[in-house]
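Listed features, source TrEMBL:
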DOMAIN    469-733  domain 'G-protein coupled receptors family 3 profile'
SIGNAL    1-25  signal peptide
TRANSMEM  468-493  transmembrane segment
TRANSMEM  505-527  transmembrane segment
TRANSMEM  539-563  transmembrane segment
TRANSMEM  583-602  transmembrane segment
TRANSMEM  630-651  transmembrane segment
TRANSMEM  663-683  transmembrane segment
TRANSMEM  695-719  transmembrane segment
Amino acid sequence: MSAKRSLRQGWLILQLLLAACFSQAAELVCSQNGDLESPQLVKDGDVMLGGLFSFHNNWKEREETYTEKPLPLQCTSLNFREFQLAQAMLFAIEEINNSSDLLPGVSLGYKIYDTCGFNARSVKVALALLNDYENVSAPSKECGRPAQVQAIMGEASSSPSTAIISHFATCACLSDKSKYPSFLRTIPSDYYQSRALAQLVKHFGWTWVGAVRTNDDYGNSGMATFTETAQHLGICLEYSVSFFRTDPADKIQKIINTIKASTSKVIVAFLSQADMDVIIHEFSSHNLTGYQWVGTEAWIFDFQTAAGDRNHILDGAVGLSIPKAHVSGLPEFILNVEPLFSSNNDLFTEFWETLFSCEFKPSYSVEIKTRCTGQEDLTGVENTFTDMSLMPIFNNMYKGVYAVAHALLQMTLMQQKQALKLSLLTLHVCCSIDFTDSVTCVRCPLESWSNENRDACIKKEFLSYNEIMGSLLTAASLFGTCMTVAVAVIFVAHRNTPLLRANNSELSFLLLFSLKLCFLCSLTFIGQPSEWSCMLRHTAFGITFVLCISCVLGKTIVVLMAFKATLPGRNVMKWFGPTQQRVSVLGFTLIQVIICILWLSISPPFPSKNFEGFKDKIILECSLGSAVGFWAVLGYIGFLAVLCFICAFLARKLPDNFNEAKFITFSMLIFCAVWITFIPAYVSSPGKFSVAVEIFAILASSFGLLVCIFIPKCYIMLIKPEKNTKKNMMGKGALK
């Protein structure tokens, strides 16, 4: 019977697909194929909403020959819960129509259908609502018909809910927007419930459990997620079985036999309320008790499920439910059933007879019922329809209708705004750029907008290689690098001359290397800021400059130590030989490396967009992240520069053969002057000019060190080689 049910659904869906194919192949001639589905409740309005509800939750199976058109679906088992949900939808619509704040002047209407819980029928009705084919009574060339409704509400089940707003469809599969782009819901996904159920089972220490699920998207997807999570938590499933309420009795009996033969006493039930009723009935028939049930929101807090458990099968069941809710006026509206009866629909005649256990026409059934008058009221009636325990679900339906209303309001406001813009280009006012005496707009690029005059786009600005200032700074950086390399080549060629031997050639080469890095690090400040360039530019600058100043400081200390070593009884050079010089440079640089690592770890620089200060520009810049980190890097450089300046100043009047200290003093004077003036210039410069100021400071101080310390030596080696002798080095004016 299950296979026949699937074949029947497949047959109906195939009919829909064939109808669509033939419609496209017939040169855009549209005609209605198959029987029309008539709505159970209709009300006209300016904007129409569709409603899909399983007023019946079952149907009669038939033997199909597949040689002729199937008979209409015969629905059975009236479902009062769905009537309550339909009433919740009508209540929200009536509230909105009577509101002067939400959608004023716009009335909402509805078309509500009974799907009988049958997936194929749900799809057929949904397509009819979306394509307005129920009005096609004769062949027509008007295939491009507008949708009857702007949104479809309803369907508690997940499988038929792929193109509607659902109040109770929780399948995590429906969150895939690539497959279900038009599906929305007002209830959380089972992605969370399934994992929470596994955590709940783990909390109680149940590690050997069984599982039963509804054989549809809701049950299969939810149980798959539960199983995956349970395995990670060390929970073992003895069995995992599935069924659908219309399955044949022998299949359900096999499931009962599986449960009977099992040793686990905990059952996780990922079932719909209708399928749970079937399980309870079977457990009662076989007198199966003593099981611990773990349930989902579909049945765990449903009064109808509890009321049907006369043999206390579910005693002690635990699970997850929807938070409680209260909607003022909704319970009273649901219980006002006269408008439903006055619709003169056969469905609501059946509803009335079932609700009040009466009948309008005498029947020959065994059960004798009273005659219905149509004047019955619900006073004293206690059944599923009068129970309000599912108010949280009714609230989800209520919220869904209001979500549609607010979306319609936003669409209306956007249309009005667009119409206003169009009615104004005569004033040359445009969404982006307009051309004088033209009605044409040109949209500005992403993350930009038009200026106040609507004649140009606000552009993103940063210091670029393509502009004049960026090109000049780049050229200066490369020139300084090449100049440093040229000096290094000259020093290598004359490395054995008295001049270089007397002025610590090892520190000189290390200083040239660090100066080259200083020139190159300025290039990281040019171009569009990125995450890596922002972190690199300040840290590279800080480390290379400390390396540079450490070398200069080492050379200065060597000058002082060498002078003291010439005094009688002094042998201080043994305390500051080549090894100590390398260690001091490494130590000073390592401190800056640690500062930079802490800065990048705690709050590193990052690219940002500055919208303030300019009306016609968006400034792309590097935010410092931690201002403390930035000023700590600069402060440490300043400390070493001042220390170096003091040492060089003290050594400026030493004998002339060691008068390199004079040039170091002058270079440090330039260095300190540049960076002292940098601070106010950097703080006050707007936009990309602050970056240019920082690059200028880097280049100016680097050129100062290169020219003051190395150019005099190059002058002697290249222009005055006769002075590059040991005799001259020991006399006066060697470097003058």
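Just so you know, glycine gets a Cβ as well, placed from its N, Cα and C.
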Exercise. Other than its close neighbours in sequence, what residues sit by the transmembrane segment (663-683), given a CB gap under 8 Å and a spacing of at least six beyond its ends?
Worked result: 549, 552, 555-556, 559, 634, 637-638, 641-642, 644-645, 648-649, 652, 690, 693-694, 697, 700-701, 704-705, 707-709, 712, 735
For this session: Compare 468-493, 539-563, 630-651 by their Cβ pairs under 8 Å to the transmembrane segment (695-719) and return the stretch that comes out on top.
Result: 468-493
Problem set entry | the transmembrane segment (539-563) vs the transmembrane segment (630-651): 3 or more CB pairs under 8 Å | yes
Seminar exercise, completed: Beyond a gap of at least 6 residues from its ends, the CB atoms lying under 8 Å from the transmembrane segment (630-651) belong to 538-539, 541-542, 545-546, 549-550, 552-553, 556-557, 559-560, 563, 588, 591-592, 595-596, 599, 605, 624, 658, 661-662, 664-665, 668-669, 671-672, 675
Exercise. Could you give the mean pLDDT over the domain 'G-protein coupled receptors family 3 profile' (469-733), rounded to a whole number?
Worked result: 81
